[in-house]
Amino acid sequence: MERDDKENGPIVDFPVETYIDKSECQQPEFIKKYKADGRGTIIAILDTGVDPSLKSLNETSVGHRKILDLIDCSGAGDVDTSTVKKASQERELIGLTGRTLKIPEGWQNPTNKWHIGIKPIYELYPKSLRKIVKDEWQKLTWDSAHQLAKSDALRLLQKHEESVGGFSDDVKDKHERENLASKLEFLKSMDKLEDKGPVADCIVWNNGEIWQACIDTSFRGRLKLCKALGDFRYTSNYAKISDRDEASYSVRIENAGNRLEICLASGAHGSHVACIAAAYEESRPNTSGLAPGAQIISMMIGDNRIDSMETGTAIIRALNICADIGVDVVNMSFGEGSHFPASGRIIEEIQRLVYQHNVVFVSSAGNSGPALSTVGSPGGTTPGVIGVGAHISAKQAEPLYGVHDDVMDYSYPWSARGPCTDGSLGVSLCAVGAAFAEVPRYCRKSRQVMNGTSMSSPNVAGAVACLLSKLRADNIEWSAFLVRLALENTAKKEFCEARDLFATGNGVIQVVLLVFL
């Protein structure tokens with residue numbers, strides 16, 4: 001990297017293509033040769049959800065909408081809206097919070113039936129954002145007034161003691177002193193109280209054509225200040241709760257308006273993963289993801305109520321939706337260790353998706369290395385799943401980590417190793433395990449460096465989408481089994497020589513060599 005002529009000027013040749021490294025798997029060469037950049041394919045991202053406001057996830061390389069749907073499979077954002085009320089002639093109704101909700105004139109509802117519910121806003125926030133909002137609110141609206149109240153209480157107590165003394169036997173003086181001391185003690189105890197956050201009214205209705213919903217983020221019933229949203233899968237509508245949090249959310253409306261699903265990403269992880277797999281930046285194509293032409297469906301399996309961890313119920317829901325929609329590739333950068341490999345209901349559903357619905361399932365091998373047999377489930381323990389290990393690219397060492405010395409490609413020490421306890425290899429392939437990609441706006445940054453097998457997995461998933469795009473364009477049928485077999489047999493083996501085979505698996509994916517399918 002070199003700077004321009006001015007001292008301490010900007011770097012004029014910064015290698016932005018290393019933000020998301022695509023050269024290791026031959027993606028640039030593949031797209032240049034075959035024009036297959038994932039267009040016509042759908043990637044399901046089973047993760048912590050995706051921020052729909054990210055610029056690189058707005059549209060595909062051919063102008064189609066990038067995000068087909070945002071689904072909260074965890075149930076954390078569900079709102080019971082089975083209570084139905086009719087608005088008065090003044091277009092007002094009483095919400096479940098007790099607030100009077102003023103219906104804007106522009107909202108059409110031929111039946112005048114309004115489904116209402118309530119939702120504590122902090123239940124939608126991920127833990128990191130909840131802390132930021134609490135701290136900012138306390139600093140801006142609470143601390144100064146509270147400190148002033150404590151100072152006043154202390155001043156009055158001291159004034160009383162100076163005027164009558166601290167040990168007056170007069171009953172009136174004792175009561176006054178006790179009252180002032182109790183007031184001061186109460187104000188001090190308020191420092192330990194937890195802010196539970198505001199509670200919002202939710203309202204759902206049918207405008208004669210589609211279902212719509214609105215969350216009262218004014219918290220005063222002034223719905224004209226809030227945005228009416230349609231179901232994201234049909235309208236691509238989304239909004240943010242406030243300018244203070246920059247948290248974007250979308251809605252899905254189910255059961256004839258009786259259930260409102262509010263989807264707000266439960267962490268930055270999912271957006272980062274989605275950008276690696278399929279981001280498209282028209283102004284800077286070198287910073288796009290592996291499959292800029294692919295479309296994605298975000299399925300949030302990370303539950304806000306348990307610090308964004310996945311639940312079995314959420315995973316099963318996501319897998320069933322994948323089967324119903326007919327996605328081509330699934331990326332699941334989630335998992336943990338298991339005592340019994342390739343067993344259990346979730347594993348059965350994953351294998352049903354792979355073998356019966358012909359879906360290529362890609363998952364992270366885990367970050368529990370370097371010991372042997374540390375691969376996680378489902379990535380390293382499930383037959384039919386492509387488990388991906390992580391290695392660092394020498395090209396990323398300086399721009400991403402500031403390492404100026406010569407660095408060789410090598411497997412990260414924390415990348416999980418095989419073999420699986422059932423004797424299988426455990427790791428199928430390896431890929432670049434770091435990226436500088438977009439994260440949700442509520443993170444207070446535009447991009448972030450993350451590393452892990454969570455980053456190597458979408459690298460492979462995006463490359464697979466490019467391959468399937470080529471096969472689909474040529475009307476060539478494939479099976480998930482054949483795709484995995486071809487990936488493993490054409491991977492760059494020399495990377496594995498003199499290195500840990502259980503960390504790298506069959507090697508680095510090489511998509512140009514796969515077009516013989």
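Cβ atoms here come from the backbone N, Cα and C positions, even for glycine.
Caution: TrEMBL annotation is automatic and unverified by curators.
According to TrEMBL, the active site, charge relay system annotation covers Asp47, His269, Ser454. Annotation source TrEMBL lists domain 'Peptidase S8/S53' at 38-507.
Between the listed active-site residues, namely Asp47, His269, Ser454, the fewest other CB atoms within 10 angstroms of a CB are found at His269. Secondary structure at Ser454 (active site, charge relay system), as computed by DSSP, is helix. Here the domain 'Peptidase S8/S53' (38-507) returns a mean pLDDT of 92 for the predicted model. Across the structure, His269 (active site, charge relay system) and Asp47 (active site, charge relay system) are spaced 7 Å apart at their Cα atoms.
In the three-state DSSP reading, Asp47 (active site, charge relay system) counts as strand.
A straight line from the CA of Ser454 (active site, charge relay system) to the CA of Asp47 (active site, charge relay system) spans 10 Å.
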